[in-house]
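Positions annotated as coiled coil by TrEMBL: 1-32. According to TrEMBL, the feature region 'Disordered' maps to 80-144. Annotated domain 'PHD-type' per TrEMBL: 166-211, in sequence order. According to TrEMBL, the feature site 'Histone H3K4me3 binding' maps to Y168, M179, D183, W190. Per TrEMBL, the feature Zn(2+) 1 binding site maps to C169, C171, H192, C195.
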Amino acid sequence: MQEIDAKYQEILQELDEYYEKFKRETDSTQRRRVLRCIQRALIQSQELGEEKIQIVSQMVELVENRARQVDSHVELFEAHQEVSDTTGHSKAGQDKSKNETITQAEKPNNKWSQRQRNNAANNHDHDYITSGMPKKAEASKKKKCSKAKAVREASPADLPIDPNEPTYCLCNQVSYGEMISCDNDECPEWFHFSCVGLNHKPKGKWYCPKC
């Protein structure tokens with residue numbers, strides 16, 4: 001552009017010189033020659049102007065193209081940003097749904113674990129009660145046996161009759177002599193050795209004829 005402007009200034013200067021020469025010239029032939037020089041200078045100035053306009057047009061087109069490229073890049077960036085945001089929200093929603101599913105899946109397990117702990121506690125209590133029952137029954141049987149041994153070994157005919165004394169055995173008589181209790185925890189009865197055909201206490205568990 002500067003080079004074109006410099007040439008244009010030179011042409012303008014030539015036009016001024018040709019114009020001054022044309023005013024001083026009186027010969028018609030010389031005047032026509034000066035006019036032709038002025039005409040060529042004007043054509044050159046016009047060409048330089050058109051060239052300058054062309055360069056400016058190219059510059060404007062280049063700027064417009066660059067602006068369109070920038071706009072296109074901005075649109076692509078915004079679209080990519082929207083896709084990234086959508087993907088991030090979708091992933092966050094999937095993670096949240098997954099966590100909720102895991103939490104829902106863990107709740108029955110927690111209930112089941114609580115139920116297992118309760119069952120274990122109940123079983124422990126049941127075992128404790130069950131294991132304690134034979135001991136209690138055994139202690140009761142030992143107490144009854146000691147009481148029975150304290151009674152002298154004699155027949156019912158030799159003992160004074162007490163109407164309030166409890167009766168035992170198949171014979172429905174009061175306790176006397178050696179007696180044995182049934183090992184069935186639900187059977188509270190005691191039996192005379194002679195009534196159940198025993199001479200001595202058997203080894204292991206013993207059950208009465210009723211059980």
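Start at 1 and count along the chain as shown; that gives each residue its number.
Cβ coordinates are placed from backbone N, Cα and C, and glycine is handled just like the others.
Residue counts of the domain 'PHD-type' (166-211) by helix, strand and coil are 0 helix, 8 strand, 38 coil (DSSP-based).
Within the set of recorded sites Y168, M179, D183, the entry lying nearest in space to H192 (Zn(2+) 1 binding site) is M179 (CA atoms).
The Cβ of C169 has fewer other Cβ atoms within 10 Å than any other of the recorded positions C169, M179. Cα of C169 (Zn(2+) 1 binding site) to Cα of D183 (site 'Histone H3K4me3 binding'): a distance of 14 Å.
The number of other CB atoms found within 10 A of the CB of C195 (Zn(2+) 1 binding site), across every protein chain shown, is 17. For Y168 (site 'Histone H3K4me3 binding'), the Cβ neighbour count at a 10 Å cut-off comes to 21, with all displayed protein chains included.
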